[in-house]
Amino acid sequence: MSSQKQLEGMIFDVQSFSVHDGPGCRTTVFLNGCPLSCKWCANPESWTVRPHMMFSELSCQYENGCTVCHGKCKNGALSFNLDNKPVIDWNICKDCESFECVNSCYYNAFKLCAKPYTVDELVQVIKRDSNNWRSNGGVTFSGGEPLLQHEFLHEVLLKCHEVNIHTAIETSACVSNEVFNKIFKDIDFAFIDIKHMDREKHKEQTGVYNDLILENISNLANSDWNGRLVLRVPVISGFNDSAENISDIISFMHKNNLIEINLLPFHRLGESKWIQLGKEYEYSDKGDIDEEHLEELQDIFLDNGIACYVGHETAF
């Protein structure tokens, strides 16, 4: 038996029986790490690859007199107010590597946002779930940005294809051309996000410019890759739903012979996670996008010869 240590990946969730993340019934693997910091992000716990802590006040039993976490933090990040409620110094907490508070809590009020898996451990989970897929399912790698852990992901993809498991990815495409091209050789289906076509507006709300993203999409569309690509746009009122931006997306798609897009209406489902991470959520007052407006946007794409799906209405 080889003594060589296997690659490990950091994963914050594995969801079985997913039906909106690619063809058929799928297992979706959420990998840690993301080069973007979208202000509306539904999974802000995924931004860093290294483990870090979240605190759920709803799960905490401080009102019932629980004190099991008292004195556990050796770094001075955890104190308590007069009501016994935990008060966290997130500037100290972000550098923690021992997580005594997590290990002490019976109620999962303190929890880690990442769990290590070896390549074989993750593939075993995927193979186990394959019994539920029938003939048209597979595995989808999401995040975060799964391409940030490209070495680990590459090994998992190779093992999946060894046993004919269909592979899909949900990605921002915000990685080097080299990494992007290497991984996509083993991808059968892809969702790639376009947040905004204007590079300055893109950076304002995501923290990065979109040049590399658009370059990777264009290169993929004009390559000999034979997988299926669906672009995705998280539609946010007042940010990327203008006639100008929609027109720019259509022009980009026509230029690159791209024929499918998925419009995802904005939601605030990740707001509680921001609070649990001690972060300010700037979109708390942002309203849901009007369904009639979404249908109007859909009609614009359809009128321009582009298959357009709203929400989870994808043509699987």
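Note: Cβ is positioned from N, Cα and C throughout, glycine not excepted.
Among the candidates GLY137, GLY138, GLY144, the one that Swiss-Prot lists alongside TRP40, CYS41, ALA42, ASP193, ILE194, LYS195, HIS267 as binding S-adenosyl-L-methionine is GLY144.
For the [4Fe-4S] cluster 2 site, Swiss-Prot gives CYS60, CYS66, CYS69; the one candidate out of CYS25, CYS105, CYS113, CYS160 that the record lists there too is CYS105. Per DSSP, the domain '4Fe-4S ferredoxin-type' (84-115) is made up of 9 helix, 7 strand, 16 coil. Among the binding-site residues CYS41, CYS60, CYS66, CYS105, the residue whose Cα lies closest in space to that of GLY144 (S-adenosyl-L-methionine binding site) is CYS41. The Cβ centroid of CYS34, CYS38, CYS41 marks the [4Fe-4S] cluster 1 site; residues of that chain outside this set whose Cβ lies within 8 Å of it are LEU36, SER37, TRP40, ASN43, PRO44, SER46, TRP47, GLY144, THR206, given in sequence order. Those residues of the chain, other than CYS60, CYS66, CYS69, CYS105, with a C-beta within 8 angstroms of the mean position of the [4Fe-4S] cluster 2 site C-beta atoms are GLN61, TYR62, THR67, VAL68, PRO86, CYS101, SER104, TYR106, TYR107, ALA109, PHE110.
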